[in-house]
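Feature annotations, reproduced from TrEMBL:
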- C:73-265: domain 'ABC transmembrane type-1' (DOMAIN)
- C:20-39: transmembrane segment (TRANSMEM)
- C:51-73: transmembrane segment (TRANSMEM)
- C:79-101: transmembrane segment (TRANSMEM)
- C:108-130: transmembrane segment (TRANSMEM)
- C:142-164: transmembrane segment (TRANSMEM)
- C:185-206: transmembrane segment (TRANSMEM)
- C:248-270: transmembrane segment (TRANSMEM)
Amino acid sequence: MASLELRNVQKSYGNSQIATLKDIALKIDAGEFLILVGPSGCGKSTLMNCIAGLENITGGEILVDGEDISQASPKDRDIAMVFQSYALYPTMTVRDNIAFGLKMRKVPAAKIEEEVARVAKLLQIEPLLERKPSQLSGGQQQRVAMGRALARRPKIYLFDEPLSNLDAKLRVEMRTEIKLMHQRLKTTTVYVTHDQIEAMTLGDKVAVMKDGVIQQFGTPHEIYNNPANLFVASFIGSPPMNFVPLRIRQRDGRWVGVLNSEQGSCELPLPITSDDGLRDRELILGIRPEQIGLAPAGSADFSLAVDIEVVEPTGPDTLVVFTLNQVKACCRLAPDQAPRVGETLNLQFDPRRALLFDAQTGERLGVVQPEPVRESKVTRLVSNGAGTAQ
Amino acid sequence: MSSIALQARPAKASPLDALQRWLPKLVLAPSMLIVLVGFYAYIGWTFLLSFTNSRFMPSYKWVGLQQYERLWDNDRWWVASQNLLVFGGLFIAISLLIGVVLAVLLDQRIRREGLIRTIYLYPMALSMIVTGTAWQWLLNPGLGLDKLLRDWGWEGFRFDWLVDPDRVIYCLVIAAVWQASGFVMALFLAGLRSVDQSIIRAAQVDGASLPTIYLRIVLPSLRPVFFSALMILAHIAIKSFDLVAAMTAGGPGYSSDLPAMFMYAHTFTRGQMGLGAASAMLMLGAVMAIIVPYLYSELRNKRHV
Amino acid sequence: MSDFAQPRLTLGRLTIHATLLLACAVYLVPLIVMLLTSFKTPEDIRTGNLLSWPEAFSAMGWLTAWDSIGGYFWNSVKIVIPAVLISTALGALNGYVLSMWRFRGSQLFFGLLLFGCFLPFQVILLPASFTLGKLGLANTTTGLVLVHVVYGLAFTTLFFRNFYVSVPDALVRAARLDGAGFFTIFGRILLPMSVPIIMVCLIWQFTQIWNDFLFGVVFASGDTQPVTVALNNLVNTSTGAKRYNVDMAAAMIAGLPTLVVYVVAGKYFLRGLTAGAVKG
């Protein structure tokens, strides 16, 4: 196992003015699981190819265990990769697929056999060893692809959207298996995905990318609860965070934001200390669906009556859609609390975790110290997300 | 868990890696040389020769456009060019027509389709020389088709186009169509098979009859196949040399001459190398006039996809 | 209504079948005529007609034909085998580079090569013959092999390039990470999966080179001529009475190898013909 550090990695193609990767800097310790997540075209796959040495970087350094490998050829980097299409060699048996990398490295035959047996046992693909890839199901091919990487015992594992070709059910299973595997083997792993649920569930560290720039690098917890900007906030979380245009005013020396519905309005205290010229800016309030709940009877604080427009039962939760400040917003209620369409419901907003963004730049505004959140809550959110993502 | 692969590994590129990096270019280099010299430099060379008075041996005495002027004034060249227009036009049109009709008919879930397809296509496997030899015999005035139909009771039948200077070109058309129309059929059949069946079903649901479906929906969607076939047939027509050589040798007189035949005769047997080079350049011009727009649109379409 | 539609439909189907069968007859007649004529005696040819059955099957035509062009038949074999193998091997390597190891300029090269598929060979005949003369290869089968390799390169490269373009390049990337180099990847991973396209290419090149006449007549003479040139000389040099049985037998001999290949491997032949035409 090895640590991985990227220092100001740059990548641009030909004489193109637009860099594909801009000043990518991050560091993970040996045994950590790093997620690169972002929409397609954000540069995450390019970054992975650069780490693997399949593409040359045009600036910066890539360090493995403190040693700069950015000029080394792919075969000398001791990095293994699992591809989205699995890239199994079609004319070789599963056994030969797994053994190929070892043969290329001139490992003695007896040792190869031993390694293949170990990996096959680990991944439970022993009965498949003599088959050709075309005779395997998608899930089995996925396992073989992982086996091929594991057999070499490389310093770093790269996964390039390995689950995106699987059907929804298998994907959830394999996700758990990858997590289990990582817990057992403690392998340094870089995992590219566009699926924010995979990002949340698997990663020790998450780098959210957009347009070749890392928007935020942190633990899943930080990314979810303390997003650096509007993009990160909108990308992570399912259903996504509500973004509501907000007018603010001052009351009793504090800043409050005004929420309107068809039924009335309420004021939400905002976690802002200075006024920073807030008056002149267009502001957006970000609030996650689970931070909106039913108002307890009698309590009027931060609560507002809304007309229910859509009700979407997902099983464990029911998503309820209504209009807030002229835009659609969503909250997550327990099924037994769920209203019917057309009803009016009194909702309460949790102001402590509400986020404020500049509508023009997407920058996060104000200093928010998020409440410590119990891990169990995050886990619950994510597992719910898994059910609804499809 | 430790790495089981080789221990000391260079962090920097080794000379061997540099070689690996250059290998693709090294491997392609001989072919690049072949193409640049064998294709493009040779074209330039021929172009150069067309401005000289080379006869049996190449000479490099510059005569400007004189060879092209001689070509312009040369009756035989005009006959060859006109023949190419007639031969090419008829050959392409008839081959396309027969090919499309056979492909559509064969697309009607015919039993033994494989066998029939094989029979239509086999002439394409033959050399034009073999084809020419066979058709020269088939169309032989006196002993060929002529005699066959008279033996079968059509007393007054005469077929002597092969020795008729005005009609001999049609004999070439017949043989060429026989050879290539099955190939056009195969192209269109492959195209028909790639048409989305749900479009046809949708049209049937809309109440269109089968001929309407083919004429209005299926065949228009085969435009690319049509153009491909057109390109290949035009290319065969312009290069046609062996068929003429085998069937008529350009005769009677030079009435069935084609530019390819003209070029060969002047360059290699009549010692008119400069003139031959000029005619070759005009042939290249004709091919480019057809191919370049086609390739351009092909490549541009690819870029959009 | 349905009573009326049913017979109409069958009539239509009948017309289709009749047309298709008629077309079969038209395509087959020349072959049948060639076979019948080749077994007739000259006397029989004069008295009978194209489709008349031979009075007695005579092998004379075939024997005479083989005496005349048999040697040239072997010339063709000597030209075809190395030319096909070399041009296919080069095409495979070129296609591999052009699809998996693109570099600046490789696309331009591919475009230049593609144009070669359409080149009218008349435009390179003169310089090519000068070059062969300089190399001392004029009028040799080796010279013809060289010419066929050079001018077959465009098609063989196109075949392999189009085939490899549809192979996911993740395979190559995976193999590179596994430590395989340029030739190892080609030999161990791509070549084993290329069997269909190798067949297409071999058959295409075989028919092209076997059937060639232009290069044969320009670059070879006398003893080194390929069979197509010899056939043409046999048929079109008129000394004495035309011996149509010999002509037809010779034409059959010259055409037989490609016909056999076509019947045995017709599937690949068709794919070769339509490659690049339907798929682009």
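Each Cβ is built from the backbone N, Cα and C atoms, and glycine gets one as well.
Long-range Cβ contacts of the transmembrane segment (C:185-206) within its own chain (Cβ-Cβ under 8 Å, at least 6 residues beyond either end) map to 80, 83-84, 87-88, 91-93, 96, 100, 152, 155-156, 159-160, 163-164, 167, 171-172, 175-176, 257-258, 261, 265, 268-269, 271-273, 275. Scored by C-beta pairs under 8 angstroms, the transmembrane segment (C:20-39) has its highest count with C:51-73, from the stretches C:51-73, C:79-101, C:108-130, C:142-164. The listed stretches are C:51-73, C:108-130, C:142-164, C:248-270; of these, C:142-164 has the most Cβ pairs under 8 Å to the transmembrane segment (C:79-101). Of the recorded ranges C:108-130, C:142-164, C:248-270, the transmembrane segment (C:51-73) has the largest number of C-beta contacts under 8 angstroms with C:248-270.
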